[in-house]
């Protein structure tokens, strides 16, 4: 019985192993102690808590519960099924503990997200002095570490114990640094690992991807392929394809596709889904759709969701709806993510009615509405000024005990109320946060919202509150504040805010920041100062900046600067007649009729034509 069960579990036939055990048990054949760890592993792999409890009962009945060997299997199985309390109960009742059972507790805590608890058990091992942590123990506690300070202590300890060069410890250290967003330390440590394997490379690439350093992922992959490590795994290719999708690196992605075909990993579901996502995000949805159809039986729910999302992303809404309907009849049953993909996708491409339609269908289908889904629908309400539906969603959030501290939802609510002209409601939502929000996006929504509603003084007041709470403004924040200064004529305040960007926050102003400042100066009549600022811009200014300045020249009847700007606008957009029409009007307003006529004649010489105006009478 022992060898038979061990062999079945080793080969992945978990149900068969359980069946054989039950058969021998019904025949009253006493099992050997050493089959139970394999049986417990089978229960964990099958995700069967009921079966695990049955095997646990047999362990107790046979008197094996005091065995550290059986206890290790039980702790490991309970932890894998996330029944932490049951695992700890077994651990507490184990009379003699060895390193294996301690490792099971440490790795279990880490896998379940209890990094601090894993660290406490690890510290107990060290302070006990009876056991010396091995590489498995160190790797387990490191990978669950959520503090870079604690992580560095563990790194030093790994060096002291002589296990820092172990491939799995090294991979865990790389993961720890990148999970803590310390990309510099993670990169430095990775570079110093002498004996890198595919697991180490995978950990580094996954971490870079998590920190949005996608271009580095491609370079690391090239380095891996040029070294003598093992062949890339499915995890490797999925990470590289995700980086290609983010960078829109279609050519590189196609090369990875060829590699997948050569190594026969193209049939793997995870890799195939990543390939569908890459082609979709690179804008070649036809390739994504063709490969999706080729996958056939290897497609899973994630693959279907990715394809539907990709079709909507590429504005192929009819095909997405058709695929969704086919999924409901012949494919896997749609889950909340499927519905969310449809709703958020339609919201992003501006198809508000379709987003609302599927939102209602999702409700009637009995799915729980996720915050992601609700924020997508709130965006739709913002776009079409649907205040009634927006209030209904707000009411639903209140009824379902929504966490009012969720700043993503708060931002969506503020944006919706502001765009619908209900700034007082937006202020109430903002005030309900209690403590001042840490996310600058919430402040930005208030500043821009007040600006759009013509309440610029309140926008500036919110900005002052933001500074008082020590929340760091973003470059987008400054654009909104400078715009508010422009509408209120607060030139000195605008100059102060513009200088803050570099002097106090060490940021480089964007084109939008420059544009808002130039507009402010132009509106207030400081045309020369505004024009000088154009020359300071880090990149060629867009036509909108010159158009704003030309509008200011018309307001202040500055024909000399206006003519210079009009010619610059002609260089950017030769077909646009508006600059010369405005310049002609400036001359006319000054009574300089000859100059006005000269501009009109130069328009004829340059073959620039003013579009004729027309009137439209619409029947009631």
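Heads up, the Cβ atoms here are built off N, Cα and C, so glycines get one too.
These features come from TrEMBL:
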REPEAT    300-334  repeat 'PPR'
REPEAT    335-369  repeat 'PPR'
REPEAT    439-473  repeat 'PPR'
Outside the repeat 'PPR' (300-334), six or more residues from its ends: residues with CB under 8 Å to it: 269, 272-273, 276-277, 279-281, 283, 285, 288-289, 292, 341-342, 345-346, 348-349, 351, 354
DSSP-assigned states of the repeat 'PPR' (335-369) in counts, ordered helix, strand, coil: 26 helix, 0 strand, 9 coil
Within-chain partners of the repeat 'PPR' (335-369) [C-beta distance under 8 Å, separation at least 6 from its ends]: 301, 304-305, 308-309, 312-313, 315, 317, 320, 324, 327, 376-377, 379-380, 383-384, 386, 389, 396
